[in-house]
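J.: I have a structure here, written as structure tokens, and I will follow up with some questions on it.
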């Protein structure tokens, strides 16, 4: 029996009283001697303190693990309830769809296909518009470059003509 007693005299008194009452026999005196030796030996006392601290840490860790387990169980129950609700709603929707003789799902499918087709057409139109804008910008840039070159060429010709006229 390991005991970490901070007050060895109190431990001695408890063991002696227990001996008198007949609850502890030979082991009581041995325990008192061991407690007293441990109290006198600082290294042994330090080891006992470390063991006590490790036991406290273990208890804390076990408690946290238990709390984590309970929380996980609650979250799993909640998720299971949500899944059951979702399954029930889906089942109800299928029942309503079956009652409509299957026309409603077919109509929804056709609407969805039409929507997808329109999205593709809109995307193609947008791409064409972007391409046309790009082509127009390129044409404008090229035209501006050509005008600038011809203006530069014209001014160069005028300058050369003036220089020739001076000669």
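Just so you know, glycine gets a Cβ as well, placed from its N, Cα and C.
Pulled these from Swiss-Prot:
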type: SIGNAL; residues: 1-22; note: signal peptide
type: REPEAT; residues: 34-40; note: repeat 'RLWRNWE 1'
type: MOD_RES; residues: 95; note: pyrrolidone carboxylic acid
type: MOD_RES; residues: 119; note: pyrrolidone carboxylic acid
type: REGION; residues: 147-167; note: region 'Disordered'
J.: Whole-number Å distance between the CA of residue 95 (pyrrolidone carboxylic acid) and the CA of residue 119 (pyrrolidone carboxylic acid)?
T.: 31
J.: In sequence order, what residues of the same chain, 6+ apart, have a Cβ less than 8 Å from the Cβ of residue 119 (pyrrolidone carboxylic acid)?
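T.: In sequence order, no residue meets the Cβ cut-off.
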